[in-house]
């Protein structure tokens, strides 16, 4: 035998292509049974995977210990970049929007030109005139790029998209100007309420508390089971199948009446009413987690909406604004609107729990061959996904109306919905313009910080080549910096997005 992970394993060796233990192809497993060496080999492979995973985890941990301060520096750079982007929007929003629009038109124009050049180049080449219908479906997609018809189709699609965008710009130019004005105004509002950029940390902290409470409750519930032991015997016995205790079994009457009886482990779970309904308690715990998490997010949205609304409605800015607009809005939300927030969160939590239940049913039905049930589940999952997105959108605008007017949830949701429906074109244009700007901002910040981290940790920047820490896997800190940068940028832009939505509804 040989030691592996502090355990004795039979020593395997190959002799003339045959795997053996000692000089035999079978071995004693220590329980009086002869087993084949192939079984041992399979087990050894699985044990090796565990050991390799452990070594990988240790190396990743080592990388974090030597690079954690550089990761923090990378995240600080992402924070500064996000802040600078928001400041730039205040002064260059108009230029940035029009530059983006022109860039999209130019990129599409180049695409049309490239497709035409490829289409013209393939003229007269062998096999290029085969139609897509005759070619049929091919797994190698490169085959399609050698056909003239493919490039013609691409060119037609891009021409249609180009014409649609140009027509939309002509008809919606006034709406785009409103969007630009609103983005500029949102930058001014954020400039007057700088504390709002740090508010997502408060929401994040409260969400962490919710997650910790849910996780600890789930762990306590799942480990509150008990090991159940039952009487097993080969001959007839009146005690067969009854529960027993291994500690006192040898001194009980059972061994006297049934000498061959044994007290063996049956299952883990317990047989009381509490243990039978553990799944219901877990389900309730999940539901409460969704409700609490949605309530925390709603509280954050109402607080930000209240602060930005106080900026919009102030006649003289910033003199007529409260001294601490964020704290004033937070106090109002907790004192007057807790019920409305809880009700809005409850509706969303119910939909989310239904979605989780459908996912659970889908997981259980994967082994089944019932096509209709799978189709029905897919339809339900799609419908409830759409419903969740709609409720989130409606709740967000309802919370803004609650912060502005102080009305209850139902009244606010109705007023917000009809107000948005009356201005549907403005809503659509504003939403898409701001979404695209924020997406560009996130992409710019994450991309630039990610590239900087890549060049630094791979020691390609000659000035700081010796400063970079030695790493087992350079992708560990790079990936951490990229994910962290995205979360920071998302936090900044979520505040900015809330500001735009609030000012838009006020307008």
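In case you wondered, yes, glycine gets a Cβ from its N, Cα and C as well.
Keep in mind that TrEMBL annotations are predicted by a computer and have not been checked by a curator.
Sequence annotations record features per position, and here TrEMBL assigns transmembrane segment to 68-88 (among others).
Residues 88-89, 154-155, 158-159, 161-162, 165-166, 169, 176, 179-180, 183, 433, 436-437, 440 of the same chain lie 6 or more positions beyond the ends of the transmembrane segment (95-113) yet place their CB under 8 Å from a CB of it. Annotation source TrEMBL lists transmembrane segment at 95-113 (among others).
The transmembrane segment annotation in TrEMBL covers 151-172 (among others).
Feature annotation from TrEMBL assigns transmembrane segment to 193-215 (among others). When Cβ-Cβ distances below 8 Å are used as the criterion, the transmembrane segment (193-215) is approached by residues 83, 86, 285-286, 288-289, 292-293, 296-297, 299-300, 303-304, 307-308, 311, 324-326, 491-492, 494-495, 499 of the same chain, each at least six residues removed from its ends.
Residues or ranges marked as transmembrane segment in TrEMBL: 288-313 (among others).
Residues or ranges marked as transmembrane segment in TrEMBL: 334-354 (among others).
Look at TrEMBL and you will find 398-421 (among others) tagged as transmembrane segment.
What TrEMBL records for 433-458 (among others) is transmembrane segment.
Non-local neighbours of the transmembrane segment (478-506) in the same chain are 64, 71, 74-75, 78-79, 81-83, 85-86, 89, 182-183, 185-187, 189-190, 196-197, 199-201, 204, 301, 304-305, 308-309, 312-313, 396-397, 400-401, 403-404, 416, 419, 426-427, 430, 434, 438, 441-442, 445-446, 449-450, 453-454, 457; each lies 6+ residues outside the stretch with a CB under 8 Å from one of its CB atoms. As annotated by TrEMBL, transmembrane segment applies to 478-506 (among others).
The largest share of C-beta pairs under 8 angstroms with the transmembrane segment (68-88) comes from 433-458, of the ranges 151-172, 398-421, 433-458. Same-chain residues lying 6 or more positions outside the transmembrane segment (398-421) and placing a CB less than 8 Å from one of its CB atoms are 298, 301-303, 305-306, 309, 313, 329, 332-333, 336-337, 339-341, 343-344, 427, 501-502, 505-506.
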